[in-house]
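Here's the structure, in structure tokens; my notes come after.
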Amino acid sequence: MSTDNKQSLSAITLAAIGVVYGDIGTSPLYTLRECLSGQFGFGVERDAVFGFLSLIFWLLIFVVSIKYLTFVMRADNAGEGGILTLMSLAGRNTSARTTSMLVIMGLIGGSFFYGEVVITPAISVMSAIEGLEIIAPQLDTWIVPLSIIVLTLLFLIQKHGTGMVGKLFAPIMLLWFLTLAVLGVRSIIGNPEVLQALNPYWAVHFFLEFKTLSFIALGAVVLSITGVEALYADMGHFGKLPIRLAWFSVVLPSLVLNYFGQGALLLKHPEAIKNPFFLLAPDWALIPLLILAALATVIASQAVISGVFSLTRQAVRLGYLSPMRIIHTSEMESGQIYIPFVNWMLYFAVVIVIVSFEHSSNLAAAYGIAVTGTMVLTSILSTTVARKNWHWNKYFVFLILVAFLCVDVPLFTANLDKLISGGWLPLTLGLVMFTIMTTWKSERFRLLRRMHEHGNSLEAMIASLEKSPPVRVPGTAVYMSRALNVIPFALLHNLKHNKVLHERVILLTLRTEDAPYVHNVRRVQIEQLSPTFWRVVASYGWRETPNVEEVFHRCGLEGLSCRMMETSFFMSHESLIVGKRPWYLRLRGKLYLLLQRNALRAPDQFEIPPNRVIELGTQVEI
């Protein structure tokens with residue numbers, strides 16, 4: 001490898017440390033404390049400490065190192081990852097019925113992420129600010145207000161983008177992980193026997209000794225791997241090699257050293273269970289550590305916020321969410337986007353969660369169900385890809401699936417015990433998002449089918465217009481068309497009411513491909529249907545934002561000259577009413593009407609100048 005390539009790999013690896021590992025990297029703030037805080041009936045005793053440390057270590061090895069970094073990350077769509085990508089890949093070579101099941105799984109996984117994303121900023125920032133209790137116990141009443149202030153500032157800067165601030169993320173997170181390692185080593189040196197917990201014997205012994213209690217306690221152990229989905233979701237930003245290199249060279253060693261350092265401290269000083277992370281540090285380092293922890297948790301929160309922006313854009317482009325305003329905050333990086341509606345809905349949800357739960361320990365009870373639920377779905381979808389797309393031996397794939405589920409299912413089941421104490425929160429949020437996504441997709445399909453079931457044949461109507469043309473007026477008219485072979489409603493209504501047609505008519509269809517990006521060579525397809533009619537199909541990936549001006553530019557390069565400010569855009573505006581349906585479908589229909597009324601209008605969605613748009617209304621019963 002050349003020197004330049006090595007430097008580039010090092011830079012990308014450092015950047016991956018700053019973005020990908022923020023969530024899982026801040027887990028030491030609260031994980032071991034929650035495991036041994038007494039809520040599961042464990043005291044700070046040797047067998048319990050060794051058992052939890054062994055479980056945490058082997059979860060990091062099996063779930064993160066083997067399952068995600070080695071297996072799941074093999075499943076990419078043009079380098080992109082994430083649960084919806086996995087859903088798309090898994091459904092490519094399966095029957096329609098199986099594809100429907102896989103789509104439901106993918107949507108549930110995506111919905112779980114929305115449930116998790118509300119909790120992550122709250123628990124991360126609160127656990128860092130709670131270090132104040134160690135420095136000055138009388139300041140504990142300031143934890144909630146300070147957490148809200150920090151997160152308010154974070155959400156406020158989203159509209160400006162994180163390009164400049166993001167350059168600081170990597171060195172800060174590198175310093176964070178080095179600090180984790182140093183604090184851990186310092187404690188382990190004083191009590192090296194804690195390293196015995198690396199032996200999986202202690203994990204097995206833990207289950208044999210504590211039986212049912214040990215199973216329930218898995219709900220706390222899973223806190224050590226929250227954020228693992230980010231490794232796969234952010235694969236498109238950094239690539240597989242830098243993410244893997246960052247994990248094995250920096251993140252994994254630092255996490256293990258810190259967890260074992262906390263264990264060594266607790267074996268000597270059981271009273272340190274009130275906050276073993278901050279009590280690892282000497283008194284003089286508490287304030288700097290508090291500041292560093294706050295910065296690390298803000299970065300972890302930023303990574304989650306960016307993740308929900310990306311997931312939302314993908315869901316919008318794939319037709320599972322209504323169109324909404326998406327702002328690009330960087331001219332250089334297409335992945336840096338800002339979605340105002342999502343940003344402020346998420347902010348208000350996080351603030352409500354902080355005020356309601358008041359302490360990170362209370363919030364920890366809500367964490368885990370969404371994470372482990374997504375893990376189960378990822379196992380099923382990824383092994384489906386291995387069998388159907390990679391054509392691996394079915395028995396080998398089955399063994400892999402069984403191995404994954406032997407870990408995932410107990411973790412998920414153990415977290416169900418948290419339902420009453422807080423686990424209902426991510427499940428409720430996930431259910432709301434799942435309902436919204438399935439409602440928009442199914443009702444949109446129902447609407448389009450309703451609009452086109454009596455549609456005229458495109459070829460027949462064009463032939464009729466060319467044979468007996470109406471009054472033709474100078475200029476170019478563009479009619480947005482969702483289906484290739486159906487006359488757009490706007491064209492039908494223009495002919496019906498105005499009885500005129502422009503000299504040149506373009507039927508424009510914007511299509512989303514099953515890929516993150518579409519090469520410019522394949523961007524536009526032009527077909528002349530008659531002397532005065534053209535069909536233009538513009539294809540975009542789900543990570544791209546359609547732009548009509550760009551489409552016109554590509555058309556000009558291929559011989560179909562169009563000027564944006566000399567073209568009239570005709571669009572149909574559907575006025576919807578809910579017809580006679582069963583009560584539950586009526587509710588679904590009314591939810592769709594609400595979503596449709598608040599959806600971004602097509603001119604804004606495709607960046608068409610408002611003064612060039614003519615909207616023709618039509619009433620449709622669904």
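From the backbone N, Cα and C atoms, a Cβ is placed for every residue, glycine too.
Where the annotation comes from TrEMBL, it is an automatic prediction and has not been curated.
The following features are taken from TrEMBL:
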type	residues	note
DOMAIN	13-463	domain 'K+ potassium transporter integral membrane'
DOMAIN	474-622	domain 'K+ potassium transporter C-terminal'
TRANSMEM	48-69	transmembrane segment
TRANSMEM	102-129	transmembrane segment
TRANSMEM	141-157	transmembrane segment
TRANSMEM	169-190	transmembrane segment
TRANSMEM	210-233	transmembrane segment
TRANSMEM	245-267	transmembrane segment
TRANSMEM	287-316	transmembrane segment
TRANSMEM	337-357	transmembrane segment
TRANSMEM	363-383	transmembrane segment
TRANSMEM	395-413	transmembrane segment
TRANSMEM	419-440	transmembrane segment
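As a summary of secondary structure, the domain 'K+ potassium transporter C-terminal' (474-622) carries 47 helix, 54 strand, 48 coil according to DSSP. The transmembrane segment (245-267) makes no contact with the transmembrane segment (337-357), as judged by fewer than three Cβ pairs under 8 Å among residues 6 or more apart in sequence. Beyond its flanks by at least six residues, the transmembrane segment (48-69) meets 24, 31-32, 35-36, 42, 194, 196-203, 205-207, 209-210, 214, 217-218, 221-222, 224-225, 228, 231-232, 243-244, 247-248, 252, 255-256, 259-260, 263, 266-267, 375, 379, 404, 407 of its own chain at Cβ-Cβ distances under 8 Å. Two recorded stretches are said to be in contact when at least 3 C-beta pairs lie under 8 angstroms, sequence spacing 6 or more; the transmembrane segment (210-233) and the transmembrane segment (363-383) meet this definition. Tertiary proximity for the transmembrane segment (287-316) is limited to same-chain residues at least six positions away from its ends with a CB under 8 Å from its CB atoms, namely 18-20, 22-23, 25-26, 29, 82, 84-85, 110, 113-114, 116-117, 120-121, 124-125, 127-129, 131-132, 135, 150-151, 154-155, 158, 162, 166, 169, 172-173, 175-176, 179, 227, 230, 233-234, 278, 281, 322-324, 326, 335-339, 342-343, 346, 437, 542-543, 545. The average pLDDT for the domain 'K+ potassium transporter C-terminal' (474-622) in the predicted structure is 85.
Most Cβ pairs within less than 8 Å of the transmembrane segment (395-413), among stretches 102-129, 337-357, 363-383, belong to 363-383.
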